[in-house]
Every structure is written in C-alpha cells, then in structure tokens.
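Chemist: One structure is given below, represented as structure tokens, and several questions about it will come after.
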Amino acid sequence: MNDYDFFDDGAENTWHSGKSDMEKSILEERDINTIYDSDVLEDIFHNFLDNSEFEDALKVAERLVQIFPYSGDSWFKRGIALNNNGFYEESVLSFEKAIALNPSDTETLLNLGLALDNIGRPEESVSIFERAIAISPVDDELFFSKAISLQRLERFVEAEQALQECLRINPEHREAWYELGYCKDMLGKLDESLDCYNKHIDLDPYSSNTWYNRGIVLSKLKRFNESVQSYDMAVAIRENFSSAWYNRGNVLANIGNLQEAIDSYLKTIDLEPDDTDTLFNIATAYEELGNYKEAITFYEKAVASDADYADAWYALACCYDMINKHDFALYAIEHSVKLIPDCIEYLQAKADIEYNLADFLAALKTYQRILELDELNAMVWYDTASLYLELNKPNKAIPSFQKVLELDPTHADAHFELATAYYLNGQKAQALDLLVKAIKLDSGKKDMVKDTFPKFFSNEVIRRKLGII
C-alpha cells in the first residue's frame, strides 16, 4: 500500500512573487497575534504549509480557532497543521470538532478518516469514509481511502469492491490500479492482479514499485523469465532497489541460473551489507554450484551477522563435511542443535558428522535422541542398526533392523542387513530366510551373497534356493 497525504483542496499557494510590503513584513515578523482578518491569516497559513513550515502553520491555525472558534474551517486547518507536526491524536480531535460544526463537509470527513487510519484505528476510519460516501457518492478519493483502510484490516474482498468503484468513477486513478493489483494478489486472482499492474504501468511507466510487484505476481504464476524482466525494469528505474535485486536473485536461482542469481544477490549486499537472508542465499547458490569454499565464506558471513541463524550454521556444517573438515562441521552443527535442540534434520547431520569423525558412541547417542523424538523414523533405526553391525555387535543390531522392517516391510536393504546380523550371530536359519526375502525384493542382492555369506554361497542347495545358478 502507498503512503498518502492529507487533503486540503484549499491549500493553494496564494503567495506570489508580487507580495506587498505589508505581507512580507508579516511573514518576517511572524506577529500573527495582531491579525484579525481571516483572509490574511488563511493566506499566511497556506504559505507556511506550502513551504513546509509546519510549526508556524500550527501557530496560525491556533490563532484562527482563537478568533473564530465556531468555524469548522478553522478547526479543519488546525487538524491539518497538527497532523503535519506529528500530533496525530490531537489532529483527530480537531477534525471531529470541525465536523461537529459542519457535519456534511466531506473534505473534513476524508481527513478525519485518514487521521484515524494513521493512528491505527482503521475500523473507525472505514465508518467515516462510508459516512462521507453517503454524502458524496461520486468522490473517487473517498472510495480509494476506504479501500486502503480495508486493506489494513485484511478485508480484501471489500477493499477490491471499493477500488473498483473508485476506478468506475475515475478510470485514470493510477494508485487505485496499483492497490487493486495488490488486493487481487492477496485474493489469489493473479491474472487479474497482473492486468491491474499493467494498467498502472500504462499510466505511470516509471513506477519501480509497480514493476517490482508485477515481478512478484509473474513469479507466482511461474512465468519466471517475464518475472526477471519485470525486476530488470524495477532496478533500471531505481538502481538502489535492494528488494528488487534480491527477488530477482531468487527467481534466477529457481530457474537454475545460479551465477546470475549470485550477481543479483551481490547487488543487494552492496546496498545492505549485513542482510543475512541475502548472504545465506549467495552461499546456497555457491553450494549448489559445488563451490564449497565460497559457500563457506558466505555462510560464515551470515552467522557473523546473525549468530542465532540456525539454518546457516547447519548449511555451514554440511559444506565443511563435504570437504572433509569434519571438526569444523561438528562445531557448526553443534551451534544449530543448541539453537533448536529438537530439530531432527540437525540431529541427523550431527550423527553423520560424528560418524565421519569415527566417534561412534556419540553418533549412537545422537541416533537415540532422534528416536526419542520420532520413534517411527525407519531411516534412523536403520542407521543405528548398521552402526551396531559395523561395530561387530550383531546382537544389538538385530532389534533395530527388526524395527525397520516393522515400519517398512519392503525395505530390501534392511532384510539383507538383518540376515547379515543373524549370520554373524550364528543364527543361520533366520539369516537364510531373510536373505530369500531380500533377494525377492531386490534381485541385485544376489551379487552380494558370495562375499557376505561365503558358507551359503558354497552350498549348491542354498544357492538354488536363493536363485543363484
């Protein structure tokens, strides 16, 4: 949504180069307490307002309500001045006073609605706008402002209707096309949203925000190349548009143009050096390219910027593990686990790294922690059993392999490894029975029988039973 100014249709610059000497003197001395002429005070007020001299404008407005306390216009001007000085609550009270004196003044109602919205009371502002619309049903700005408040309330269907009415009255209302595009995006009407943004661009081709939002919608529509082109326009218009560079990088990464994505992300970093999400995305792109050295560099920058970025610590650990720097990997993954102790993905990585460091007892302990969190995790039961088997503890491997098959009866590897455990444990009959099942599930297991089960392989009867001729 866009910011918008308070409306004062009468706020034209009435001071011209040919000011009289008296007018110049009044401006220089600021001696407004000696002035009783409302026309002169109003001219001074508008001059201050036009020149952004808001404190002086407020002094003049206070003088107006002092002299003309029953003039709705005086209270209206005071409300405008208060708002411009940041006194939002007081501006609401002043506008309410103006409306009490002139209930049908739609300009004051409009500004009251804007003021209420500005202080976080959008429901009340909607009611005020509706009251004004009842008086002036062909004022496009009333419908537009109502829509903005409805958007803040996330009442997008009603906001859409208000914007459509605004555009029925004034089809050239540029900002209404922009906001309608946003509304339709929020409602999932992506094609219609795109049409609205295109219409806004027809009216205002140099709106970088519109090209940016258009890029978002095109990305949602999976029209990625067009999305990139839209972001290209956004950054061509506003080169320091960091969010557009970032989103452009995301789209390029999604379509596999990783180096271009990195280049786009680096533009974001030029503008926002400590943006952790961008640093993370650069690292991820380098990781996908297999450039682990650069990936590590940017993951380390990400965690330096945000030490609580658990996913960055995890990704850093994975990269170190890939280049066999397992000690560094363990250091990184321990940070992730410390930040999110119950994340199974992190714990699985920790166990794998501990295994790579030959710290098998630590790996087994980590596997047990995972199973406490997810006792139906067949993969971890399998890893646990396999590690026990590797440690030549078939009696401990057997129950874990059995658990795998309980969870996944078609797991050919688990059948084969459980057969191995039984074989090593001297339980040949059970081993043979499971080996038959393993080969039925995966005939390729036949090629492994000779090395794993030499006694079975040397027996012709067993070979025939296993289908090995």
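Cβ atoms here come from the backbone N, Cα and C positions, even for glycine.
Per TrEMBL, repeat 'TPR' is recorded for 72-105, 106-139, 174-207, 208-241, 242-275, 276-309, 378-411, 412-445.
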Chemist: Sort out the residues at least 6 away from either end of the repeat 'TPR' (106-139), same chain, that have Cβ-Cβ distances under 8 Å to it, and list them.
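Modeler: That would be 4, 6-9, 72, 76, 79-80, 83, 88-89, 91-92, 95-96, 98-99, 145-146, 148-150, 152-153, 169.
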Chemist: How about long-range neighbours of the repeat 'TPR' (242-275): same chain, 6 or more residues beyond its ends, C-beta under 8 Å?
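Modeler: For the repeat 'TPR' (242-275), the list is 208, 211-212, 215-216, 219, 224-225, 227-228, 231-232, 234-235, 281-282, 284-286, 288-289, 305.
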Chemist: Sequence-remote contacts (6 or more beyond its ends) of the repeat 'TPR' (174-207), Cβ cut-off under 8 Å?
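Modeler: Sequence-distant neighbours of the repeat 'TPR' (174-207): 1-2, 4, 140, 144, 147-148, 151, 154, 156-157, 159-160, 163-164, 166-167, 213-214, 216-218, 220-221, 237.
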Chemist: So what's near the repeat 'TPR' (378-411) in sequence-distant terms, Cβ-Cβ under 8 Å and 6+ beyond its ends?
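Modeler: For the repeat 'TPR' (378-411), the nonlocal Cβ contacts are 348, 351, 355, 360, 363-364, 367-368, 370-371, 417-418, 420-422, 424-425, 441.
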Chemist: What does the DSSP secondary structure composition of the repeat 'TPR' (106-139) look like, as residue counts for helix, strand and coil?
Modeler: 27 helix, 0 strand, 7 coil
Chemist: Where does the mean pLDDT land for the repeat 'TPR' (412-445)?
Modeler: 95
